[in-house]
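Student: Before we start, here is the structure in question, set down as structure tokens.
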């Protein structure tokens, strides 16, 4: 984490918000491992391997941290798939019994949140969903999972 900042589409991400990184991927507090390409098909073999191995490692640790029993991994690849930030990223969602009445309702909820985010985003401004202090605190908790 010696970088000045990480890029996420048009956004600059403070290194304090990043809790895990490899030479090809990183995970930030909103649980999105990313690499700087727009579409999944554009990833190299090495980037694809690294992204999924990173997601696997992070998912296992977050599942334990959140006392969950399962994980949902999702990628929205392209605007018609609901991708609102032009970067490949994986959403890692710890799951618990009864969190949704029907398991597939999680995808409806993801769509709702992605649409809300899309409406809120102004690509000419920095993303400010939460305060830096909130994000740094969460990242610090998650960072301790990889020590």
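Note that the numbers count up from 1, one per residue, in the order the chain is shown.
Yeah, the Cβs are placed from backbone N, Cα and C, and that goes for glycine too.
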Student: So which range, 87-91, 92-96, 97-101, gets flagged motif 'Histidine triad motif' in TrEMBL?
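Tutor: Going through 87-91, 92-96, 97-101 one by one, TrEMBL gives motif 'Histidine triad motif' for 87-91.
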Student: Given the model, what does the mean pLDDT over the domain 'HIT' (23-102) come out as?
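Tutor: So the average pLDDT across the domain 'HIT' (23-102) works out to 86.
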Student: Test of understanding: give the count of other CB atoms lying within 10 angstroms of the CB of residue 85 (substrate binding site).
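Tutor: By my count, 20.
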Student: By DSSP assignment, list the helix, strand and coil residue numbers for the domain 'HIT' (23-102), in that order.
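Tutor: Counting residues by DSSP class gives 27 helix, 17 strand, 36 coil.
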